[in-house]
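Below you'll find the structure, written out as structure tokens, and then a few comments.
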Amino acid sequence: MIDRSVPAARFTILAAVLAAPATAWATTRAAAPGGFFADGIRHILTGYDHVLFLLCLLLPAVMRRSREHGWQPVERLSEALWPIVGIVSAFTLAHSITLALAALGHVTLPASFVEPAIALTIVLAAFDNVVPIFPVRRVVVAFVFGLIHGFGFAGVLAELDLPGPGFALALLQFNLGLESGQLLIVAVTSALLFTLRARDGYRRVVIGGGSCAAMLLAAAWFVERSSGVALLPF
């Protein structure tokens, strides 16, 4: 039997605890409405491609695969918590690495490559939910594809008016803003998925249908970003 007494709100509490240090470190310009910390939060909350990629990775995290019975909902919060923590940590580490390298000018990639590549990561992550194609754990997928997303974050950072003397602090604040916003998204999404995991049709409707919708949207983004032809009204 699935333990329904475990409150999904614990995800939100966990995210609040993890995000607290980031909030404490946000000082100087980051404390202002247009500060770099706020810029980071704003970008992740409106960066629908990054959010959709994370969502594709998280959809199966509240399920476990059994050889005898196929996909089954997890019984305890901890069974879903650690896969989610692993995925989010790998994605965070990866995009922080490439964000820093690109911001410091050590490694750069053109936006004409990065933006379509980000869309492609969503297509592949979503497709893997329907037809498994990756021989490695999803935490590895999160890390490898997270490296590409980091260059996307760097592109946004490059458009901001970074101060020369305080560049390192501005970079730190922007990244902390990204992580705080990301934790909020993950907490809300994970709580919802954990609540729905045992419902009839979760695998077919939420994982299957949601992944197919993500593939179609990301495929349209890929075409738009590769060709410059607008396919979507937004």
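One-based numbering along the chain as shown.
Placed from the backbone N, Cα and C atoms, the Cβ positions cover glycine too.
Keep in mind that TrEMBL annotations are predicted by a computer and have not been checked by a curator.
Look at TrEMBL and you will find 1-26 tagged as signal peptide. Residues or ranges marked as transmembrane segment in TrEMBL: 40-59, 80-103, 109-127, 139-160, 180-198, 205-223.
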Notebook entry, point to check: For the transmembrane segment (109-127), which recorded stretch in the set 40-59, 80-103, 139-160, 180-198 gives the largest number of Cβ pairs separated by under 8 Å?
Noted result: 139-160
Check: When only pairs 6 or more apart in sequence are counted, do the transmembrane segment (139-160) and the transmembrane segment (40-59) reach 3 or more Cβ pairs under 8 Å?
Finding: yes
Next item on the list: Sort out the residues at least 6 away from either end of the transmembrane segment (205-223), same chain, that have Cβ-Cβ distances under 8 Å to it, and list them.
Entry: 49, 52, 55-56, 59-60, 63, 71, 116, 119-120, 122-123, 125-127, 129-130, 193, 196, 229, 231-232
